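Working notes, structure below.
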Amino acid sequence: MLLSEKAGTSTSHGKTFTNFNGRQSADSRSIRTISSSHMDDESSLGSDSEMNGFTNDRHTDKYGFIGGAQQYSEESAQDVPPEVLRQREVKWLDMLSNWDKWMVKRHKKVRLRCQKGIPPSLRGRAWLYLSGGKVKREQNRGKFEELDSQAGDPKELDVIEKDLHRQFPFHEMFVSRGGHGQKDLFRVLKAYTLYRPEEGYCQAQAPIAAVLLMHMPAEDAFWGLVQICEKYLPGYYSAGLEAIQLDGEILYALTRRVSPITYRHLEKHKIEPILYMTEWFMCAFSRTLPWASVLRVWDMFLCDGVKIIFRVGLVLLKCMLGTREKLNACQGQYETMELLRTIEPRYMQEGFLVREVLDVPISERDVESEHHVQLKRWRKNRGELHWKSPPRMHGARAIMASEPPSRQDLRQNPTIIVESPLPAPQLQKREKKGKEEKKSIKKESMKKTPPVTEIPNPYNLPGDPQLPLRDPQLPLRDPQLPLRDPQLPLRDPQLPLRDPQLPLRDPLLPLRDPLLPLRDPLLPLRDPLLPLRDPLLPLRDPLPQLPLRDPQPTLRDSPAQKPLVNDTPLQNTLKDSHLPQQPALNDQPALNDQPVFNDQSLLKESPLQMSRQSLSSTEADHQDTYL
């Protein structure tokens with residue numbers, strides 16, 4: 001990286017990783033060290049002479065940094081109440097004990113809890129499960145010890161030893177030369193060079209391994225480093241750094257979607273993404289952000305994959321170059337690079353950064369689609385990639401799906417083993433007694449439990465037999481019991497039916513108002529100007545009369561059938577003609593005072609014909625009267 005003449009470099013097998021912050025180291029910039037002097041590349045950041053300033057004041061913060069090395073990390077950290085931490089620890093312990101079920105069925109809940117922050121006491125174990133390092137370690141038992149016992153390549157080891165003191169020199173774990181932190185870091189990096197000899201060692205792997213060692217033992221940190229290099233960031237640390245350059249082009253294209261102003265400014269001044277994003281991505285922001293933000297970013301990164309790294313980079317670019325006021329302050333390439341080197345602390349604050357990262361609309365699909373576009377462009381302009389890296393896994397769920405673990409691989413091993421002072425035979429006797437006591441307790445509990453009585457279902461199903469509403473053998477009531485007590489009267493005889501003093505009605509009130517007439521005498525009974533009928537209307541319908549009956553005989557008119565009146569058989573038939581005639585209702589004579597017809601008379605003259613004749617005679621009488 002050609003950023004300035006002060007940039008320090010470290011090479012290994014043709015791979016170059018440059019300290020992005022120029023002469024002032026990334027540790028001193030991101031951690032805000034007390035010493036502000038610029039040091040030579042040959043000087044040791046972790047030497048005893050540099051640590052003399054901390055001998056008088058060895059105050060260590062909650063992250064393990066000495067002497068205020070993280071002076072703005074405490075301000076940016078969000079203090080979680082202890083009771084909330086205890087609740088989160090209980091939830092995470094439950095998830096870790098049933099990790100496969102949670103990842104398959106409730107992965108969204110796992111993601112949400114990672115976004116809230118993993119409890120510090122369980123962060124190392126959770127990282128190991130999220131990255132798949134736990135399964136990798138169980139499937140390769142004894143592999144790390146085997147690699148650790150080997151000598152390794154002297155050239156690789158020499159480069160590793162030179163980089164040990166540069167990794168978080170103000171952390172209590174790596175503060176002293178030859179301390180346990182630097183020794184474990186050397187073991188992990190040497191084992192990786194033996195595990196992947198074709199890839200070898202890259203300087204950017206050291207801060208990744210150091211962050212893991214702050215939270216877990218050396219063997220777990222080794223397998224975590226393997227998973228990050230192979231699953232999360234494949235090809236980042238290979239010869240030529242082709243993968244990081246390709247992701248730089250992806251970041252550049254995504255910037256156009258998230259912040260067009262920033263994209264146009266970078267394009268105007270021809271600032272390549274490899275100039276400002278190399279350390280961000282290769283070190284996973286461990287040398288850029290304050291430590292509280294680093295931990296929160298890693299919690300989400302190990303859960304959701306590299307899209308979190310892209311989102312953090314986009315947030316920093318948007319905050320530093322996304323407004324006109326910011327762009328007015330940097331009119332050239334040098335000013336823009338200086339602005340990106342010194343990011344304002346407020347944009348890196350834990351709460352602000354996490355909220356902004358979650359709001360960036362970039363998903364795994366967006367990263368992969370842009371990856372295919374940039375890969376085609378790369379092949380068109382530069383040819384095929386020299387390093388064939390494995391496919392990238394986007395998060396813990398994808399890693400678990402690619403390598404399904406067994407239940408034994410996810411079993412949690414105790415981190416602290418306490419040896420009992422009792423000999424083995426006594427321990428076996430105690431275990432046998434304990435098992436026998438448990439069995440006896442189970443038997444007693446089985447005996448004491450009362451039998452469960454089945455309660456019939458009051459709502460029968462269609463297939464169930466129909467039960468009677470009551471027992472037919474039981475009488476409706478007891479016949480020996482009277483309907484009521486005969487000694488009790490129906491009512492009290494001393495009480496009258498009504499109060500005799502109250503009259504039936506008020507005699508002072510008349511039945512009606514005598515002043516009101518029965519009707520209005522001024523109104524005539526009818527309007528004398530209106531005639532009784534319209535003289536223009538004929539007395540009858542001039543249309544020809546309908547036939548009295550259907551000429552075609554029907555079943556009703558057949559002589560074999562009984563004559564009917566109003567759909568009821570006649571009472572006085574030929575058989576009953578000798579019986580006296582019954583009078584009509586209300587002692588009135590029958591209709592038209594005509595005798596009941598027999599079958600022959602009904603056929604000759606029907607009641608309908610008789611009614612028409614009577615109606616016509618009546619109308620004629622009225623006509624004569626009117627005339």
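Heads up, the Cβ atoms here are built off N, Cα and C, so glycines get one too.
The shown structure was predicted, so the numbers you read here are calculated from the model rather than taken from an experiment.
Residues or ranges marked as compositional bias 'Polar residues' in TrEMBL: 7-37 (among others).
TrEMBL lists 44-54 (among others) with the feature compositional bias 'Polar residues'.
Secondary structure of the compositional bias 'Basic and acidic residues' (433-447), assigned with DSSP and counted as helix (H, G, I), strand (E, B) and coil, comes to 15 helix, 0 strand, 0 coil. Per TrEMBL, the feature compositional bias 'Basic and acidic residues' maps to 433-447.
For the compositional bias 'Low complexity' (464-512), the DSSP counts in helix, strand and coil order read 0 helix, 0 strand, 49 coil. If you look up TrEMBL, you'll see 464-512 (among others) marked as compositional bias 'Low complexity'.
Sequence annotations record features per position, and here TrEMBL assigns compositional bias 'Low complexity' to 543-553 (among others).
The compositional bias 'Polar residues' annotation in TrEMBL covers 568-618 (among others).
Under the heading domain 'Rab-GAP TBC', TrEMBL lists 117-305. Within the model, the domain 'Rab-GAP TBC' (117-305) carries an average pLDDT of 93.
Per TrEMBL, region 'Disordered' is recorded for 1-54 (among others).
What TrEMBL records for 417-512 (among others) is region 'Disordered'.
The feature region 'Disordered' is assigned by TrEMBL to 543-627 (among others).
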